Amino acid sequence: MLSTLIKKMFGSRNERTLRRMEKSVMAINAFEPKMQALSNEELAGKTQEFKERFNNGESLDELLAEAFATVREVSLRTLGLRHFDVQLIGGMVLHEGNIAEMRTGEGKTLVATLPAYLNAISGRGVHIVTVNDYLAKRDSQWMKPIYEFLGLTVGVIYPDMSHKEKQEAYKADIVYGTNNEYGFDYLRDNMAFSLTDKVQRELNFAIVDEVDSILIDEARTPLIISGAAEDSSELYIKINSLIPQLKKQEEEGDEGDYTIDEKQKQAHLTDAGHLHIEELLTKAKLLDPGESLYHASNIMLMHHVNAALKAHAMFHRDIDYIVKDNQVVIVDEHTGRTMPGRRWSEGLHQAVEAKEGVPIQNENQTLASITFQNFFRMYNKLSGMTGTADTEAYEFQQIYNLEVVVIPTNRSMIRKDEADLVYLTQADKFQAIIEDVRECGVRRQPVLVGTVSIEASEFLSQLLKKENIKHQVLNAKFHEKEAQIIAEAGRPGAVTIATNMAGRGTDIVLGGSLAADLANLPADASEQEKEAVKKEWQKRHDEVIAAGGLRIIGSERHESRRIDNQLRGRAGRQGDPGSSRFYLSLEDNLMRIFASERVASMMRRLGMQPGEPIEHSLVTRAIENAQRKLEGHHFDVRKQLLDYDNVANDQRQVIYTQRSSIMAMTDTQEVVEMMREEVMDSLVDTYIPPQSLEDQWDPQALSDVLSDEFKIKAPVPDWIDKDHSIQPEKIKEKILALAIEHYDEKVRKVGRPVISQFEKSIILQTLDNHWREHLAAMDQLRQGIHLRGYAQKDPKQEYKKEAFSLFTMMLDNLKYEVIRILSSVEIQTEEDAHVVEEQRRADQIRKMNLMHESLSENDEASETQTFRRQEKKIGRNDPCPCGSGKKYKACHGSLV
């Protein structure tokens, strides 16, 4: 009651926003006579003037009125299109970082030019996001004359562009492209090996066309770049045959090729073992005569040897794994249960498969992934436009913090939306649809029949064929052809069947597309021929208006009211006449699940017979209530999933920030020194635990690990024998000094610049490998975390806790691996230092799979996330986003 009273007194939030913006419209209109008086050169010079004023301290908001007036005048001169006042309001809504709901035919493509131009003045770039490549190319070409007149550059991105072409496109002031392409380019940039390989600039301002489709419908499925792991089956098999020839060292001081550490579940080659395996590898022609296994070019070979040794020495059949159906299945050491689908990482699983003689699987690995909600939230400012957003306004506000502003139409809407007709059976419903289509055909009224699935559209097509009714079928497979058919769907007597999502972005013009007719004329067509085409189009246009405009028939209600409204919105553009009606049956999915009992009992009470429909506003209201419930359910699901996504996203931000910092470094000495100190401290703490008695120490094992893994000769037992009062901190100091001395010898051989390049390559390669394995671990954690609910634990909190633990472990392992490789690999020349980078680049050339499973036509709304970057770049003294409470530099920022 109170909210209704306040609305009556002050107007709704939407009305207040529109009233505020109407004042700005008056200011823009006041500039119009001045703009009309300017020459083309003077008008084009406005851009430079605005840039200078912006650089001198004027804000974009202060420039808005004059800039919008400039664009309107240029649009009229170049395209013959003048922005309506309501389009100016739409442009202001987008500039403020909100969503403009504008009906079909209200010129959203033209509206985008206003905020795009204004925000391009800052020089930081604008991305306009479309749902398919056809629309990106069409819209960029269509609006290009406006931007080029004003001295701005326009780029368009699409798949299969060369790297150089894409870099050039992104340098443009205004870039058009699809949501998929922007997302994949972001992921590829964060897999690049140097800053010069990146294509994207700052993610500054995005204008998302069909924002509901991208931020809600498509948000559920992530963008994934996956790559087939390199097929090393033959190498695993060859090395597997060599390992049984190695002999285990039983006691300290005995002969043997390798030792085992059961506590750490590790196996290490001894000095004799190194020589022996090098000899065996040389005989097998896997190593050149006289070459060391620890040469920089043999890092991958060393990795395979370590995996094979571990598989033979530490992993035993029917204890650690079983062989079932010709596959190696892991056994959980805690529960004794098998874990189908789980695989050991770092090549260990393949090494065990080679040992057991079963087929070696090279699975696809996820190299990088991101959801649209997490990608678009990184923009400094995000806005969107669509014909149908108001029904999802709560979700946009709650999850993206985006306001939806409903923009009034330029002309009054006169479309007639008729009440739903409900039948007992689907057969009755389809028969009624056929009759409606036939009646429209008699009066030559164009019809668009919307279906919820491709299957339904093809079934209806078969029924129309039986009745000899000529029609076109659209099911969103070929965008360019689709746009052409949709454009012609307004011709007299045209019948078009389309899935609900088909043809978004293209208007159905009554009488057909005049632009298409003119384009079909020969290039040298005379004015008379053009005039004849225009007259013919006008005749068709008038005929369709006389017949009642476009008729919309819905063959079933969708789970979302928004999709139903999209279908209805095809008719009644720019004040055109039109009508719409939905035909339903009690056998439809939505009716069967939610409304069938109530409606069926109502039909029985009214004595309805098969073939007879029920038409009542109560029925329509009951159906819409069912849709609201379902929308609420989907929103809750998306919100839940979003909470999980945010955990992974925080980790991604940390990794990508560190990665970019490392790529930008010319000298990595400080980073490596910090890592080395942490790794050595951690090693000492493992074998000589803090606050422990000397009896609990294992100095020999510590010496062995330092020797085997890091090639550091540290006689820790001797130090303790000589001085029983020695403290762990002193041992750490001595080990670190030896590690530095050992590494400094390598630096002296080839020089600091060469070593820095090698260090950077090793850090990036190791980071990428560990991040890839971490993504798989996070996925496995996510799949089973809901079971914690049965133990009265909050799955979300458990997921955060375990994800943090996994992330910390991953970074610890990463540092250990980097220092191990840098300590053990031999670098003799500058060429050796470039080997890793060359291997890495070769890996990147391998074809990567780009995956984004778009929702099928009958899939429902989806995941979502927030709007305008509320998190600035992570500062060294800011709290770490992982949630530990520590400063970033003391937590996950310690890598950089």
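Just so it is clear, glycine is given a Cβ too, placed from its N, Cα and C backbone atoms.
The ATP binding site annotation in Swiss-Prot covers Gln87, Gly105, Glu106, Gly107, Lys108, Thr109, Asp507 and is backed by sequence analysis. The region 'Disordered' feature in Swiss-Prot is assigned to 853-879. The compositional bias 'Basic and acidic residues' annotation in Swiss-Prot covers 866-876. The Zn(2+) binding site annotation in Swiss-Prot covers Cys880, Cys882, Cys891, His892.
Positions of Swiss-Prot features highlighted on the structure.
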{"residue": "Gln87", "record": "ATP binding site", "Cβ contacts under 8 Å, 6 or more apart": "Glu106, Gly107, Leu110, Val111, Leu114, Asn410"}
{"residue": "Gly105", "record": "ATP binding site", "Cβ contacts under 8 Å, 6 or more apart": "Asp507, Arg573, Gln574, Asp576"}
{"residue": "Lys108", "record": "ATP binding site", "Cβ contacts under 8 Å, 6 or more apart": "Gly90, Ala100, Met102, Asp209, Met385, Thr386, Gly387"}
{"residue": "Thr109", "record": "ATP binding site", "Cβ contacts under 8 Å, 6 or more apart": "Asp139, Trp142, Met143, Asp209"}
Ask   = Quick one: what's DSSP say for Gln87 (ATP binding site), helix, strand or coil?
value = helix
Task = Please name the residue among the binding-site residues Glu106, Asp507 whose C-beta has the most neighbouring C-beta atoms within 10 angstroms.
result = Glu106
Task = Starting from the Cβ centroid of Gln87, Gly105, Glu106, Gly107, Lys108, Thr109, Asp507, which together make up the recorded ATP site, report each further residue of the same chain whose Cβ lies within 8 Å of that point, ordered by sequence.
result = Met102, Thr104, Leu110, Val111
Ask   = Tell me, by DSSP, whether Gly105 (ATP binding site) is helix, strand or coil?
value = coil
